[in-house]
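> Found this in TrEMBL, in case it helps:
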type	residues	note
ACT_SITE	Ser205	active site, nucleophile
ACT_SITE	Asp379	active site, charge relay system
ACT_SITE	His410	active site, charge relay system
DOMAIN	112-243	domain 'AB hydrolase-1'
SIGNAL	1-26	signal peptide
Amino acid sequence: MALILRFEQLLLFSLCLTLVPFESNADLSLIFGNMTLFNVNFKSPAWLGRSIPVSNNVRIDSDVDPNILEDSHLNTYGLIKKYGYPAENYTVVTDDGYKLTLHRIARPGATPVLLVHGLLDSSATWVMMGPGKALGYLLYEQGYDVWMANVRGNTYSRGHIKYTHNHAKYWDFTFHEMGVHDIPSSIDFILNKTGFPQLHYVGHSQGTVVFWIMGSERPEYMKKIIYMQALAPVAYLQHCKSPVVNFLAEVHSSVSFILKLIGVHEFLPQNEFIVMFNQLICDETTITKEICSNVIFLTTGFDKSQLNETMLPVVVGHAPAGASTKQMQHFGQLRRSGAFRQFDYGWLRNHWRYNSITPPEYKLENVQAKVALYYGENDWLAQPSDVEALSLHLPNVVSQHLVNYPKFNHLDFIWGVDARELLWDRMLSNMKSIDREQLGDNLTA
């Protein structure tokens with residue numbers, strides 16, 4: 001039913017576009033409650049700047065660089081292989097039965113670094129912008145053995161030893177289970193494979209959330225971390241400006257009821273039809289790229305100067321990569337409560353699960369690993385005041401840096417045109433400094 005609803009909405013949107021007069025100006029707006037999501041002025045459009053013949057196979061004709069189109073269809077392994085880097089992939093089975101994919105840019109014998117993506121994202125985020133423009137390649141070129149995680153429910157981690165991803169039970173998780181099961185299992189696999197006792201950790205957005213949870217609930221793993229670098233760190237959402245998260249916070253109970261009623265367990269599933277439609281409206285050659293930009297930025301903040309819009313087909317070819325609706329509800333709960341705590345099932349079920357009518361807060365004092373926090377002023381999700389509140393609860397923050405660019409937003413940490421100059425060079429310098437410090441400690445031990 002969810003797919004039918006989504007298909008009807010897309011048809012309605014397409015119909016609205018075809019009704020715009022070809023020799024006149026028109027405005028297209030999407031208004032949600034009292035909030036305008038986007039507002040675009042059209043000037044004498046052709047049919048989206050391309051032809052879509054009706055046939056067995058949908059074809060989109062456009063002037064987009066074939067190289068970019070190819071990248072939008074390649075998976076993470078294929079992207080790494082295409083650009084001449086040593087690509088590997090592995091399957092990790094968690095202790096609660098989920099099958100996860102780890103991607104690797106292999107440099108055997110080098111210090112491993114684990115990159116953990118954010119919400120609705122995947123390992124592709126670290127390489128999709130290409131050599132010289134993606135953090136995964138940069139870390140490899142700096143001498144690291146690069147591993148990229150995929151948490152349960154995303155494009156690459158949809159298996160289970162018992163359930164299929166069409167089963168409701170499969171989607172009964174939030175980022176809590178990722179922190180308790182997915183990340184520890186991935187770390188153990190990497191350390192066993194490489195023979196190293198510790199690794200570097202780089203997390204973006206939700207990739208930081210799951211680290212705090214791992215530290216809280218499984219503190220023994222902090223000894224396996226050389227250095228945790230948190231990009232756009234999220235824990236407290238009290239000052240969150242994201243319309244999506246704020247909406248989920250305000251109508252939490254209603255959204256939960258509706259989703260359960262119609263049986264929707266996956267939020268924004270990735271499939272060929274959705275990918276095709278996203279590419280249709282996001283190619284640089286189409287008049288609707290402004291819509292795509294605004295929708296992508298809707299949950300994160302706006303900074304078009306740092307977005308390479310030519311790469312939008314690649315971005316939407318890989319994201320959204322899937323999440324559970326329960327996971328999205330949990331983010332809404334954090335915003336509503338202002339606390340960093342476990343999932344709220346309601347007072348009765350809370351009492352049964354937690355022996356308390358309210359969910360327990362995560363124990364950030366257990367996060368003993370060395371931590372660096374990097375954040376931006378224009379980040380709607382990781383607001384500076386919330387990051388600063390987080391830093392007060394973490395016991396071992398060794399570096400805290402507000403990016404020196406006022407418009408730097410949530411996605412600029414991974415896709416920003418100037419991310420290397422504004423942030424990544426500092427990160428690499430910090431990593432090398434920690435490595436030298438650790439080497440000195442080992443020599444004197």
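A Cβ is built for glycine as well, from the same backbone N, Cα and C atoms used for every other residue.
TrEMBL annotations: computationally assigned, not manually curated.
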> Neighbour count, 10 Å Cβ-Cβ cut-off, for Ser205 (active site, nucleophile): what number do you get?
26
> Let me know the model's mean pLDDT on the domain 'AB hydrolase-1' (112-243).
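Here the predicted model's pLDDT, averaged over the domain 'AB hydrolase-1' (112-243), is 97.
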> Can you grab the distance from Ser205 (active site, nucleophile) over to Asp379 (active site, charge relay system)? Cα atoms, rounded to a whole Å.
11
> Fill in the CA-CA distance, Asp379 (active site, charge relay system) to His410 (active site, charge relay system), as an integer in Å.
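Each residue's Cα considered, Asp379 (active site, charge relay system) and His410 (active site, charge relay system) end up 5 Å apart.
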> Around the C-beta of Asp379 (active site, charge relay system), how many further C-beta atoms are within 10 angstroms, looking at every protein chain?
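Excluding its own Cβ, Asp379 (active site, charge relay system) sees 28 Cβ atoms within 10 Å.
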> Test of understanding: give the count of other CB atoms lying within 10 angstroms of the CB of His410 (active site, charge relay system).
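Neighbour count, Cβ to Cβ under the 10 Å cut-off: 27.
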